Amino acid sequence: MVCLGNICRSPLAEGLLAAKLPPNKFIVDSAGTGNYHIGKQPDQRSIMTAQKNGLDITNQKARQFTARDFEEFDYIYVMDNSNYDDVIELAKKEEHKKKVQLILNDLFPGDNVDVPDPYYGLQNGFDMVYEMLDETCNILAKKLIEKHP
Ligand code: 4NP
């Protein structure tokens, strides 16, 4: 799960997807394309939104996406079109580019819709992001479980 800061959207996406998959079968991680928040806990507003919904994301620590992630992960889900461009720029092989997908394309196929960046907004932006990610991760988890039984 990749966003810009790895403190607002992708920590929620990581927590949500991990909670929907059987434990010990999949590795779900997140990273940011930017380096501003390396080592930090998720934003308090993401932590609060998750907590309200019974999800604990306090153990996460921000890190930056690196080209090594193309080798280590089978699927790379980005939150918005700008994350998509930044990640694709780091891909040197066609097979790596193919791993990168916009996360909302599972919910709205082919529409290339962004998960809006809630960082500069209010708490309700985080609630909206949570709802979108919850819905798309339901579809995603189902697909992954079917593909990797
Ligand atoms: P995120 O949100 O990409 O969902 O983690 C942001 C967090 C921090 C900044 C931008 C977006 N920032 O500019 O510091």
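Heads up, the Cβ atoms here are built off N, Cα and C, so glycines get one too.
Small disclaimer: the values here were computed from a predicted structure and weren't measured.
According to TrEMBL, the protein carries these features:
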DOMAIN    2-143  domain 'Phosphotyrosine protein phosphatase I'
ACT_SITE  Cys3  active site, nucleophile
ACT_SITE  Arg9  active site
ACT_SITE  Asp117  active site, proton donor
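Positions of TrEMBL features highlighted on the structure.
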| residue | record | Cβ within 10 Å |
| --- | --- | --- |
| Cys3 | active site, nucleophile | 30 |
| Arg9 | active site | 34 |
| Asp117 | active site, proton donor | 18 |
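Residues in the domain 'Phosphotyrosine protein phosphatase I' (2-143) partition by DSSP class (helix H, G, I; strand E, B; coil) as 63 helix, 11 strand, 68 coil. Here the Cα atom of Cys3 (active site, nucleophile) is found 6 Å from that of the residue listed as 'active site'.
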